[in-house]
Structure formats: structure tokens, C-alpha cells
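Asker: Have a look at this one before I ask anything.
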Amino acid sequence: MNYRRNICLRIGWMLLFAFIPAYAGHSAEEWKRRSIYQIITDRFSLEEGATERIPCDPVRFMYCGGTWNGIRNHLDYIQGMGFDAIWISPIFENVEGNDIDGSSYHGYWTTNLYELNHHFGTKEEFMELIQELHKRDIWILLDVAINSMAINGPLEQMSFEKVIPFNDASFFHPHCWVDYESNDIESVQNCWLGDENLLLADVDTENEVVLSVLEKWIKNVVQEYDIDGIRFDAIKHAPIEFWLRMSKAADIFTIGEYFTGSPAEACDYQNSGLDSFLNFPLYWPITWAFNNTGLQCEALAIAINQINEECNDINVLGTFIGNHDLPRISHNNTDQARIMNAITFVMMWDGIPIIYYGTEQNFNSYHDPFNREALWLSNFDMENVYYKLIGILNRFRKSVQRQEENYVNTRSTILSVKIHHIVVQKLNVITVLNNYGIHNEERLSIVFKPLGASPKDTFFDIINNQKYVVNTDGTLKVVITNGFPIVLYPTSKIETSLPQFTATLLPEITFVPSITVTTHYVLPTLLAPLGYDIREHPGGQQFWNTLTAKSEAKTIRSFTKLKLFILLIAVPFALPMIILI
């Protein structure tokens, strides 16, 4: 009797687990179909019942009270934009206290790898968040900072005693400060970050004891918390061999942060075996293309071609226009149409789209710490035009994936590019982007030849609710209105499979002047963008050097011709004046 009972129980448990989805880990190929919403836990949402207007000044570098429960309570808000993955800031115990460098609300000053950060909640509450995410088919990308451990300074008084599990100096490289000026690889990978007040001791990633401990640790984290993917922080500061071992131990999708404007440098990590990296080499060209910088869309096309040449698989790279370290897209760009074009590029271009929290609310702050605002101060506005735009593009992207099996593995083709526009096609999806701006009242037309289209084929613009017919010569002419982006898909596919796109986004847009408040929360704006010199920004000089080196590039030729033209006009007038003097 007991034997039969045990057999029945075993069969019962087997049947039960057969119907429970396995969420612990997903491959790079699976992640290509996802889109990611990046969150800083402390700044996303307060506990239920907390005062929603609680002050949070990013400049103070203090904990503001966001928790894992807060995230769980606002998953409807995230799903309303169509996201099916979130990237959350590091979860492990950080140094305590508030010194001149502030507090560790961001999670990157790890001091104990075996305990969670109590400021964000308990282990049970974190597990409840994971369970609710997976119940909704939302994956979690966990941010991990393991190349260094945080120790309170000053240097002469520091102690490894509270650093867990590496509580001895033998587990770290000898102290030296990273030399940012020399770009020496030995310094970058073996010296320390931080400062005299907060030291980020550089873990000896060549030490086999350290490697063994971290391999077991990361494997356990993935299994214990049902993690779907991992984001490695600051991969530039450790050898590629270290990250490959960590990635193999995790046995799930991994994406690294390599802060560089060079496609060759970044792609080398992927080509060596790492699944993916955040596409910094494309970030700056995207920003400049849809801003007032003078480089515009032709420079973006050059960057695209460079990355295509250097990388093995661009469709798994993380595409973004902002994060917790960089200025928000609205900081130097207050033109609503251009911002919409930048967002559309991220959502429709090759790779995994990543949207930093607050982008959907048009937060307009500068870099760290200003760009780490409290989202609750926006009241989680689901009527904002950018919130709606992201939702439409996310749902459209999902619908296309269901219809076109190889969509996520197909590279986009540039059909047309000029200084003010770029047209790309990915299977049957055609994206027309421009930087004319919302003030351009002229109805501008762009003509291009879609791949695989026949005369009289019709395309539907899901953003502007317009239909276009292919001409007898195989070309398609679209009209740019107020500088808004255009996303086209065959009308037959829209009508049969995408009925939700029969309504347009634009009639719902209310254009109102920007209102800047202390939280950096602003409404959509009609103002022109602010210009800035790209060479003043990290990675900007690298890209500028690469771009200017390509003398055959059309953009550079155009600038050269303009300069020659000015000289030819100016010199004849200037010479008589010089002679008279």
C-alpha cells in the first residue's frame, strides 16, 4: 500500500513539474525576441501605501526608498508598454553609510556577495517579484558587479575584514589607481577604481581560488533566484577570459558593459565568445543623428556599416539611447519629433531594444547622478506620448516576430540615407526616420525602392495611420509630416493579423510646452534642440576620429565642398580689402 502511494506521489510530482515553465535561464537566441526595460530599484517605485510624492533629490546620492515590492506593484505599468523583460540594478549587499561619495542606492558598491541589500526588501520579497515576473512571462536581467569589491576609505585605514567572501588582500590586485589618460590595458584591468573615500578594490581575476568561488557563486545565483539573463558591469576592467568563464558557469544569456565608441574593441568581446554587449558604439551616432550636432543620419549609416563589419551577431546586441550613466535623450534634445525618431530607431533596429526608465516620461536630466530620478514623481503617467509610442512599437515588433520566423536574425538593409533621413528594411518592415524636427511645416517626401515589393503593393504606416502604394517603377514615396517617424508593414498583413494598429497614435498627441520641475519631469515639447560638441563626450572623440578618417564618406565630402565654396566666395571679396589696408 505504501509502495503504491509512493509511486502515485512521484507520478503526481512529475506531472506537476511538467506543467510548470522552466524560467531559470534563457539563451542568447531566445533573448533576441525580448525587449528590456531598465530599472534602478531605489528610484522606480515605493512600497504600496507609502507617500507617492516623497522627496527624492538625485544630487544628494541618498537612498530614496524604492523596493522590489514597489516594482512588483507596478508591473502593469511596465507591461502597458509591451516590455517582456526588465533589467534591475544589482541586488547584493553594499557598503553602508553616507560619505562624500553618497550612499550605495545604485547597488554597484558590493561588499557581500552572499546577502541581499536589505534596503530593497527581503529575500522572500525578491523571490515574490521573480515569481510574479515569470507568471506574466517577463524575464529578469540581473545586473552583476563582481570585478571589484567596495571598501570604505581612507586607503591607509581600509580593511578587507567585512568583504565577503574575499576578506583578505591576497584575493585582490595590489593597490594602484586606474590611469584613465594612458588607456594602458594593465592599468585598466588590474588597478583600482573609486577614490580615497570609497575604494573599489580590484578582484584578482587570474587567481584560481577567486575564479572557483565566483563560478560556484554565479551558478548558485542563477539557480536559486531563477535568473533569466545576466548583465556584467564594466567588462573592460577584466580580461575576456574571466568573463567567458563566468558566462559558462552561469549557463544563460550574458551581456557586458564595455564603455567605448570603437566597434572593433567592443565586437572583439563578442567575437571571442561573450553573447552580447551594450551597443555603445551605436549609442553616440544615434544620439547625434537625431540631435543638433551636424553629423546627422549619414554618420549613423557609417557607424552601422562599421558595426556590421566587426561583429559576429549584431541582432543580439543591446540597443539603447540612455542609461544610468549617460545624459537622457531629452537633455540635449527638446524636439518631440526627433525624440520619437530616436526611440523608434531603438525599438525597430537590429538587436535587443533597451529603454531606460523615465524615457517614457520624457525625463530630461543630464548624466549621473541627475539621471537617476524617482519615477513615482511622474505619477506613472500612461498617457504620455512616449509611453504610448513605445507600447505601439513593442506590440508591433512582437506581432511581426509571430509572422516572420527569421525576423530577429535578419540584418536590416539601408535603402536610402541622406543628411536628414535614413530608411531601413528588415524583411517586410520598413522604418523611415528623419531629423527635420517638429517645426518643419513643409510636407517632405522621400522616395526609395522597397526590397521584394511589386507595383501596386500597399504598405500601412502604424504610427501615422497612412497607406502607401508602390509605384509602377517599384518605388515608394512617403510623406514626412511634422518630422514624425514612419513604420511601414504590408497592408495585407496588418489587416489580417494586426487589427490593433488600425487606429493611429498621432491624434491622441497633445502638444504642450515643456514644464521643468525639480524632478526633471517634463511633458512633450515643441522647442528646438540644444547643440553640443560631440568631442566633449566619452567615446565622442573616438567616433569623430574614425569618421573623419574615412575621407571617402559622403558626409565629409559635403563638409569639404562647403568649406571650399565659402573660400571661393570669400577670397575675391577679401583680397581688395587686404590690398586697401
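Any Cβ shown, glycine's included, is placed from N, Cα and C.
The model shown is predicted, which means the values in this text are computed figures rather than measured ones.
Annotations for this protein, taken from Swiss-Prot, read as follows:
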ACT_SITE  Asp233  active site, nucleophile
ACT_SITE  Glu257  active site, proton donor
BINDING   Trp109, Arg231, Lys236, His237, Gly261, Asp325, Arg372  substrate binding site
DISULFID  Cys56-Cys64  disulfide bond
DISULFID  Cys176-Cys191  disulfide bond
DISULFID  Cys267-Cys311  disulfide bond
CARBOHYD  Asn291  N-linked glycosylation site
CARBOHYD  Asn332  N-linked glycosylation site
LIPID     Ser551  GPI-anchor amidated serine
SIGNAL    1-24  signal peptide
SITE      Asp325  site 'Transition state stabilizer'
Asker: Which of these glycosylation sites has the least crowded Cβ, counting other Cβ atoms within 10 Å: Asn291, Asn332?
Answerer: Asn332
Asker: Mind checking which of Glu257, Asp325 has the fewest other CB atoms within 10 A of its CB? They're the recorded positions.
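Answerer: Fewest other Cβ atoms within 10 Å, among the recorded positions Glu257, Asp325, is found for Asp325.
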Asker: Going by DSSP, is His237 (substrate binding site) sitting in a helix, a strand, or coil?
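Answerer: DSSP assigns His237 (substrate binding site) to helix.
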Asker: Run through the Cβ atoms and count how many others sit within 10 Å of the one on His237 (substrate binding site).
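Answerer: I get 24 for this one.
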Asker: Pop the Cα-Cα gap between Glu257 (active site, proton donor) and Asp233 (active site, nucleophile) into the table, whole Å please.
Answerer: 5
Asker: So among Trp109, Arg231, Arg372, all listed as binding-site residues, which is physically nearest to Cys56 (disulfide bond)? Use the C-alpha atoms.
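Answerer: When the Cα distances are compared, Arg372 comes out closest.
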Asker: For Arg231 (substrate binding site), what is the secondary structure state per DSSP, taken as helix, strand or coil?
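Answerer: In the DSSP reduction, Arg231 (substrate binding site) maps to strand.
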Asker: Between the Cα atoms of Cys267 (disulfide bond) and Gly261 (substrate binding site), find the distance and write it as a whole number of Å.
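Answerer: That comes out at 11 Å between the alpha carbons.
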Asker: Taking each of the disulfide-bonded residues Cys56, Cys64, Cys191, Cys267 in turn and counting other Cβ atoms within 10 Å of its Cβ, which one has the fewest?
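Answerer: Per-residue Cβ counts within 10 Å for the disulfide-bonded residues Cys56, Cys64, Cys191, Cys267 bottom out at Cys191.
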Asker: At the level of the C-alpha atoms, what whole-angstrom distance separates Arg372 (substrate binding site) and Cys311 (disulfide bond)?
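Answerer: So the Cα of Cys311 (disulfide bond) lies 31 Å away from that of Arg372 (substrate binding site).
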Asker: Of Cys64, Arg231, Asn332, which recorded positions come within 10 Å of Asn291 (N-linked glycosylation site), going by C-alpha to C-alpha distance?
Answerer: Asn332
Asker: Would you list, in sequence order, the recorded positions among Cys64, Cys176, Cys191, Cys311, Asn332 whose CA lies within 10 Å of the CA of His237 (substrate binding site)?
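Answerer: Of Cys64, Cys176, Cys191, Cys311, Asn332, within range: Cys191.
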Asker: Applying a 10 Å Cβ distance cut-off over all chains shown, what neighbour count does Trp109 (substrate binding site) have?
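Answerer: Its Cβ shell of radius 10 Å holds 25 other Cβ atoms.
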Asker: Please report how many Å separate the Cα atom of Asn332 (N-linked glycosylation site) from that of Asp325 (substrate binding site), as a whole number.
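Answerer: With the alpha carbons as reference points, the distance is 15 Å.
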Asker: For Arg231 (substrate binding site), which of these disulfide-bonded residues sit within 10 Å, Cα to Cα: Cys64, Cys176, Cys191, Cys311?
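Answerer: Near Arg231 (substrate binding site), where near means Cα within 10 Å, there are no disulfide-bonded residues at all.
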